[in-house]
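As given in Swiss-Prot:
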REGION    1-318  region 'Ribokinase'
BINDING   195, 196, 197, 198  ATP binding site
ACT_SITE  264  active site
REGION    344-475  region 'Cytidylyltransferase'
């Protein structure tokens, strides 16, 4: 199988928001103070980490992408420590230093991996003049692939509408992790990433997925957004866009130790992938995988490219996702031994559209597990022409792996998957389109093994060619 590419060295992201320093004191707690009914912590270790918008920048730098940080800090020790942390990670620090305010600092005291107390040192920036921040943004935004506005409600983004307009004029996507219930202030942004509590506080209670979709699409329309990503804790995340099917991703977290900074990780991975030119679905797939990693760490943490790559490549250890042929054989054998019916289909799946989603959902209903075999890039070129594929193999596989209806995704380099089908021998072989069963590649092998072969129609009015024509017409 071709390796999934996670090189982001061409991506450039600008982060503007509430910059913080996170301090951690770790110690042992074995007794109660004689002075008051509180635990006594014997401090054994201390750490300092970039927090808030600075943590977003750290996550981006961990992916080897170019990142610049804009914000407000104080002329103090915490500001100096933060500057050193940023320089050590090759982050361009364009924060404005103020004599009138301290650097926002949060001190957490922990024992046995439990947070006992948090002390906040801060003053609101709401009364600080925004023009220097706006001038720096206007001057430096050209050439960046995405702008993140990291809002913790501390006042750095008091002029958020002007910031959005500067980015829009420069044709730079604006991604915002929102704060509070006044989402109107984010009007015109490209994408918002509220968590479920924040989302429901704005749109009202959602009883099911349909409520999330309908209310989310209305919010997109009302605020003139391009997309909305609702992070749903143990239920994963849902991407919504006008004229696109909802894209639901189940959580990939195995163990949750600390959710501190998880939202920072999601938006940083999302923006980096978008700045790298990757489709929204792939960007969400990567962000979801990264969130599953970071909640397994203690405190404000980042996810690096190696960890993310391992999570993508080794998701197959759980029995699902992008797999090698050897592992697929193992998983299908185990599934058959459990009495599960294996369904297999194949295609280029160049630009995923509602017709594809509906087709794959219907294919999955024919059995218990669905395999999607995907043509490699060279195979697509031979079949579709030199201008195809639009999306790379890694992007196409990542998007398919994120669909709830798909269990396993595998690439093949030949023009047809006949050899792969003969190795896997699914119980049901499915192909989309106006085929007769005897015309479907692999039918003889499947029939000889006692399996079934079916053709399913695509949804009317949905085709990759039509999507490409619409995109070309916009240009």
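Glycine is treated like the rest: Cβ placed from N, Cα and C.
Less than 8 angstroms from the CB of residue 197 (ATP binding site) sits no same-chain residue that is six or more residues away. The binding-site residues examined here are 196, 198; by Cβ neighbour count within 10 Å, the least packed of them is 196. A separation of roughly 15 Å, to the nearest angstrom, links the Cα atoms of residue 264 (active site) and residue 196 (ATP binding site).
A sphere of 10 angstroms centred on the C-beta of residue 195 (ATP binding site) encloses 20 other C-beta atoms. Residues 195, 196, 197, 198 make up the record's ATP site, and a Cβ search at 8 Å around their centroid adds 194, 199, 200, 201, 230, 231 from the same chain. The Cβ neighbour count for residue 264 (active site), using a 10 Å radius and every protein chain shown, is 30. Counted with DSSP, the region 'Cytidylyltransferase' (344-475) comes out as 55 helix, 26 strand, 51 coil.
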